[in-house]
Structure formats: structure tokens, C-alpha cells
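> One structure is given below, represented as C-alpha cells, and several questions about it will come after.
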């Protein structure tokens, strides 16, 4: 089967096969209790932060809006728990900087039922109405993109979309939350697919799932509408299959040009979890107040897939799943592209698909090992899914020659999947240097 | 609870420079063992002295400072073993020591250490002694001499700057029939005698004046290629292009040009193709570049052997390939994703 797909050349070129560690795939979604205090940052998405609509001391019920969208590329946030607004103040976030957040003191024994919703008949609304309804749910790209979903649904007229590509790859090691959602919430996904297709002009839809999740493929196929316009396809398990460009290449054999969006080749990519929540929340007029998150890693005592209320402090969740009292590294997202968390007082926000906890000594990332000069083995070139030359890019970065990196060696096409650093036998922190280079180039563009 | 912060990716495969180099050394051990079995004490002494000289040179230049790498990365060991394998077994040991020192000093340290050199260090060392000691490096002895484990080939123990003992007389004094100190390549070039392919490939029958068995080198190289420590494209391109060119030339003058098998299995082509041309640092980094580089080396080897004054050309072919590497890389940059229009093949 794998040899067959290899010979047909259907997958994107290059890529890698890191160990999967998907041990939590068998673990059904379970709820996490409410923390005594939940922290809802007003900025959890790409675009403008929301504006608070509650006052300190006000009682709120689970599901009630706490903040409203400020403009089109912005989303509202909702109360994840019934309680009292204790403060609206600056609070640390996972990446470091403090941002304005609504702090809610949970009522003891607060119910898990959602107590605030505005059900509506979406079929009676026009496209703008549906987009507004999606915006009211506060959903953002749950695969980690955190771009407001409703804004992404407004595709420019001059780009007809012929295929809705639904991304069920979940190619990052350890993460299984999308897998569980496909198994347990296939009907929600279909609702989200139907809603998106309607807004995109009814293109066909293909759900791409890596072939290490055959049970998910079966569950999705059982839930497919009879029209035949939505199909499920197994794609080769290979990192970074879950990157939008790579999935489009694998399913449609189209290459999205650098600096272009996927709709320029007629494809529109959406993550399965995003569609599942959109399908479940938009018709009921509910807010996005909790999500399925994989908690795993070598240092976690009770790994699993947890339904975590937004705003749960990381420290509370780590105590709940059992994490050691020693030097650890906590990662929001997967081990390849995820971000190390700087502060355990940071809350869980909408873009967090997984939380990985490792003892610092268990990790073997480049900074922990000795690095050699490039020995020009070419492994990075053989692995880079974008067809770049990380070897030369790395040598230029070491000499701080950032302009040729961008002009001659297409640094801008790099989406920082980390494959080059993963394979480099000389332990050169390639993608890390590329991030710095991009930052410097962005800075000099602004200065110019 | 303290948290540590690192920049993604947080995981890494377990490959590494030291692991690659260590595996190359391991894969060379059977080849060296066979070489000692062929030539006895002299071969063993040559391997030890040349490698020790390389390691001493590495240590010396590391202490001078501003060098990358260390002795523990095994790269100097590889240089030493490969260099010894390219020299005649009876090459005077003091000359071998000079070759080792020059290999590391001029071949690697002068460029800044591991990863920075332009030319294969072992071949730089060999090139130096070929120019400095042309007679000694052309003096081969037959393999599998009966006395090889009890006495040295006399030239091995020559004192520095003294005329080495006459090896040809020594071989003649052994009174073995059908034995010649000339290499199969030299006998083809100067006497028109062609050895059998099978004898060359295995190198265990007869008393051929050859290096380790090409078959053994292929097997050890295959191990490295399967483990991902060696890029199979380069030996495939070198051997393939040499064989194709030889096959194309053979019908033109069967009297003068040997068959492709002889070209592949004689001289240092197999060792060069599998272990020298594949040196990662001095070969192109791009996949297409590896093919071009290999073809260049294979073709040059045949051209130099057929039309040059010397019977062997692998060393120069590889050094020229090394020199061409930056240019080859420049014209073979990978094609970035999304930069060429693609046809939709699936509906």
C-alpha cells in the first residue's frame, strides 16, 4: 500500500518520518474540572484584540460573551465558567508578553452545561449572515493558525474555489486530539463541512487523513452525506503532511506558489477540529469556550485527550494530569513546531491543540547537543518539503548575510516546519536561525 | 517547578556527525583486515603509522586553535585508514607518516578543520607523496606472499632520506612463479596484459599487486548506504559513467582499451568511488549535483587512465571533482516548491 502510493508519487516530495508516539489515540475525550480562577486573554487570535463588555464584579454564566469583536478580523470571547468577574488586568501569556485578560472566579460547583446561547436557523440567513454567525462563536483556526475562521471564509470573488480540503492529517508526533474528534464527533465535522461548502459556492470536499488513522477514516466515511460530493482520502503518513500546501499537493497535485494563498489554486483548507466546532456551535449560537487538547509527553503521569475550558491556568492543568516538580519543558502544540511556554501562570487559549511536557533531560533538540560545522551531507535538502537549500541558508545565516537568504535562496517560502533542524547530523539550529533571519529582515523592511 | 525554553523543533533524530564517522570507521575495519591478510606485517604497520600520524597532526593543529572538531569525531581516523589503503603496502613508513601529516595539515587544518576543507584530505596527502616520492609510490609488491607475517617488505623499514631496499630484488629472491610486483593497471598500460575480472573483483586468487578486494569494498559501502551514512548516488554515478564510457570505447580499439569490468575492478576506482568521492564535506550537497559530480569523476578516471602518462587516474579525477564542487552546487540548486506550474493529474 505504502509502496504503491510511493510509486504513484502522490505524496508531496521529501519530508520525514519522526517517531509518532501517538499513545493517546486510544484515550477517549474526558472533561477537566474548572479551575478556581480562569483567565481569558482578550487577544487570542490573529487580528485585533476583543473589547471587554463585562465589568469587574459582574456575575457571568457559562457561555456568556465577555468581550466583543473589534472589527472584522477579530473574534469575541465567552465565559468558560459561571462565576464573577474578579478583575480585568494584565496577565502573562504562553509566549511571554502580558496581555489584558478577564479573570473569572469560578462559582463552586458550577455546572458543565452551557447556560447562554442564541440558537438560529442558519439556512434562513444569507452568506454575510452566516459569516456573522460564525464570527459570534469566536472560533479561530484550531490547527494553530489562530486566524479568525469567519474571516477566512470570505474568499475574494476572483478566486473560485473548486475543492474544500479538510485537514485531518495531524502529522505532529504525540498529538491525537484531531484523531479523537474525527472518531467521536464525525457528525459535527460534516455539519461544519456543509456550512463551509455553502459559503464557498458548494465545491466538492475532500477530507485528507493520514493512513495511520484508519479508524478515523472509517468513522468519517460512515458519517458522509449521501450526495457523494464529500469524500475521505487516506494520505501517506509523513511529516509535514498536515501543512496546507503539502496536503493540497498530495490530494490535488497543485503547488501553491510562494506568497500566494491556497485559493489561488482553487483550494480552501480547513482543519477538522475547526469545522467540528463550527458545525456544533454556529447553529446553536454558542461561543467557543472549551476544546479538546492532547496532553502528553514523557513527564505526564496521566496523558490523554482532555476537554479543557478556555482560560484554565496551565499550572492547574499540569497538577490535574500530574507533572513532576523538576526542570521541565512545556510545549503548546506539537514537538516539531510547538512553542515552549515561558510561564506556567499562562492560560490555555484557543490556539492550543496539545500540551506536551518533557523532563528537560529527555529532550534531544539541537541546543542540548554539541553542534558541528556543516559537513554538507545534504540531508536537509533531501528533507525540506519546500525544496529549499537549508544547508546554504544556514551558512549564510551564520555570517548574517540575511539579504541573499531572502533574495537568492527563497527564505520567505520557509514555513518553519523544523524538518531541517530535525535531520541535521551536525546539530546546526537551522530553522531557529531562519526565524531570526526573518525577524531581522522584517525589522529592516519596517525601518526602510 | 522550573521551565526551560527552547526554540522548536523540540525533538531530533539520533543521527549525528560522530555517529556517521564512527560507522564509516567500522565499515572500513573489514577492508583493513583483508588488506593486512593480503600483505601482512607491512600493511598493518602502514595502517597504524599513517593513522597515528593523522591523529597526531589533528591534535597538533587543534592545539594551535581556531579549528573545528576534535579527535573524538573520528574524521582523522578515517583519513588515516583511507590514506594507508591507497599507498603501496611496502611504502616506507616514514613517508607514510609524512603523508598523514600533510593530509591533515594541508588537506584539512589549513581550511579550518572538519567541514571547511575543499579537498579530500586523504587524497591531498597521497598527492603530496606522489609528487615527493614518485619511485616509492610506484613500487608495489605481490599480495599473499608466504613470508608476509614473518617479515616486513624491506622498503617499509627504510630510514628517512635513505634509498629504500630494492623490493624487486627481494621479490625475485622469494622464488615464486608467476609473481610480479607491477599492478594490474601498470601491466595493462605498459605490457598489454589484462588480469581476469574475477581475480580483480575478489583479489584473493593469485598474487596480484592490488589493494583490498573491490567486492569487499562494495559490500561495506552497501552497508553504509543502507544505514544512510553514505549517499549511493555518488558511487553509482562514478562507477556507472566509468563503465559506460569504457563500454563505448572498447569496440573502437579492443587491442588497446580494456573491457568495462577491468576498468571498474582495477586500481583504486572502487575505493575512490565508494569511500573517497563520497566524502560529504568535499562533494556537492545537492542531489542533482551528486550525480553530475560522480559522472565527472567516472569519466575523468577513464580519460586519465587511457590517455595519461600514468596508469591510474582516480586520485586526480576526485581532486578535480572536489575543485568543481562549488560550481556544480551553484548550477544545481533545488527547485523551490510552487515555483513551476504543475499539471493536475487527479480529478
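Note that Cβ sites are derived from N, Cα and C of the backbone, with glycine treated the same way.
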> In TrEMBL, the [4Fe-4S] cluster 1 site includes A:374, A:377, A:380. Which of A:414, A:417, A:424 does it also list there?
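It is A:424, as the record lists it for that site.
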> Pick the one from A:343, A:384 that TrEMBL also lists for the [4Fe-4S] cluster 2 site with A:414, A:417, A:420.
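Matched candidate out of A:343, A:384, per TrEMBL for [4Fe-4S] cluster 2 with A:414, A:417, A:420: A:384.
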> If you draw a 10 Å sphere around the Cβ of residue A:424 ([4Fe-4S] cluster 1 binding site), how many other Cβ atoms fall inside it, taking every protein chain shown into account?
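There are 29 of them.
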> Between residue A:380 ([4Fe-4S] cluster 1 binding site) and residue A:420 ([4Fe-4S] cluster 2 binding site), what is the CA-CA distance rounded to a whole number of Å?
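Between the alpha carbons of residue A:380 ([4Fe-4S] cluster 1 binding site) and residue A:420 ([4Fe-4S] cluster 2 binding site) there are 5 Å.
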> What's the CA to CA span in angstrom from residue A:377 ([4Fe-4S] cluster 1 binding site) over to residue A:384 ([4Fe-4S] cluster 2 binding site)?
14
> Indicate the candidate from A:384, A:420 with the smallest number of other Cβ atoms within 10 Å of its Cβ, considering only these binding-site residues.
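Taking A:384, A:420 as the binding-site residues, the minimal 10 Å Cβ count falls on A:384.
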> Ten-angstrom check, please: count other Cβ atoms within 10 Å of the Cβ of residue A:380 ([4Fe-4S] cluster 1 binding site), all chains counted.
29
> Given a separation of at least six residues and a C-beta threshold under 8 Å, show me what packs close to residue A:374 ([4Fe-4S] cluster 1 binding site) in the same chain.
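Expected: A:391, A:394, A:395, A:426, A:428.
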> Specify the count of other C-beta atoms within 10 Å of the C-beta of residue A:414 ([4Fe-4S] cluster 2 binding site).
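Taking every protein chain into account, the count is 24.
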> Where does residue A:417 ([4Fe-4S] cluster 2 binding site) sit in DSSP terms: helix, strand, or coil?
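Coil, per DSSP.
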